[in-house]
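Here is what Swiss-Prot records for this protein:
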- ARG27, GLN28, ALA29, GLY30, ARG31, ASP77, TYR154, THR209, HIS327: substrate binding site (BINDING)
- ASP77: site 'Transition state stabilizer' (SITE)
Amino acid sequence: MSELKNDRYLRALLRQPVDVTPVWMMRQAGRYLPEYKATRAVAGDFMSLCKNAELACEVTLQPLRRYALDAAILFSDILTIPDAMGLGLYFETGEGPRFSSPVTCRADVEKLPIPDPEQELGYVMNAVRTIRKNLNGEVPLIGFSGSPWTLATYMVEGGSSKAFTKLKKMMYAEPQTLHLMLDKLADSVTLYLNAQIRAGAQSVMIFDTWGGVLTGRDYLEFSLNYMHKIVDGLLRENDGRRVPVTLFTKGGGQWLEAMAATGCDALGLDWTTDLADARRRVGDRVALQGNMDPSMLYASPARIEQEVAGILEGYGHGNGHVFNLGHGIHQDVPPEHAGAFVEAVHRLSRPYHLG
């Protein structure tokens, strides 16, 4: 594969020296870009876009043409694994993802298969290979998966939820059933991410979107425990380079020490966690990614620049910081504001990396 021209994202994840702080945005390929909307219209619907390697590649590359981003992220969805398990993923207009056959009892869990990433999820690997080829070594490609706990929330609730009552009922009334399910999901995610790495992903990220709804004890038992298992099973080197692993629990700022102890390389932070405090707590063990509030991109470019300056100052001098939003970019953000954000990160971070 072609030589990597810009590796500052990978270097920052491994806490190695960089010239400026690298930056990318969660959901950087998305509905805030008019060219994304046009490509999605060609595909017909969201999953058709994910399953067409050429179109998935096109939307992955679109933000890189506009902005000097330091990484590309695979265009896909966290729910590909439950879909491949036969739960019947579909999207309701205005409702988000739904499953036609949610998991309701132990028998449902027992019959869940562990998908073969090169068969049932082969379309994802085709997208990874196509994107990696078309990136031509410009920037690294990030692969990703949802965490077992987060996947379980959708599989048991049948879609998005605010209170997670069905899953929490299973967790408290039938913990062994949930553990069996999470174990299968951890095995599935490990196979899936390793297949992405073999197909060309140069870094991987585990999105634990809903870990923050748990108590501390339950988070360790039902979420972090299974992410730790995945980290232990991942390929950590490919193509002669370390493959960094980032864990991101939204609302998980109180558990950073435990997360860092999993052996991952970096932690994603949402905007509710103070970056300076996070660095004091775990910065000698892992890199940190984040953490501007995505809603800040509605502000003027001057206000965005001010916020970027404050976050850079919070992290301070030295290595080990990847700038990002604290969650995905909103769909109605002006594209030029995202551009002002990326430009400000590079320009304002340079003094923090001198000497």
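Just so you know, glycine gets a Cβ as well, placed from its N, Cα and C.
Given the structure is predicted, the values throughout are model-derived calculations rather than measurements.
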*Measuring Cα to Cα, tell me the gap between TYR154 (substrate binding site) and ASP77 (site 'Transition state stabilizer') in whole angstrom.*
13
*Take the Cβ of ARG31 (substrate binding site) and count every other Cβ within 10 Å, whichever protein chain it belongs to.*
14
*Let me know the largest Cα to Cα distance in Å among the substrate-binding residues ARG27, GLN28, ALA29, GLY30, ARG31, ASP77, TYR154, THR209, HIS327, as an integer.*
23
_Residue pair ASP77 (site 'Transition state stabilizer'), HIS327 (substrate binding site) - Cα distance, angstrom, rounded_ = 15
*Taking the binding-site residues one at a time (ARG27, TYR154, HIS327), which has its Cβ surrounded by the most other Cβ atoms within 10 Å?*
TYR154
*Return the residues near ALA29 (substrate binding site), defined as same-chain residues 6+ apart in sequence whose C-beta is under 8 angstroms from its C-beta, sorted by sequence, else 'none'.*
TYR36, VAL59, THR60, GLN62, PRO63, ILE73, PHE75
_Neighbour count (Cβ, 10 Å) for ASP77 (site 'Transition state stabilizer')_ = 17
*Look up TYR154 (substrate binding site) in the DSSP assignment and reduce it to helix, strand or coil.*
helix
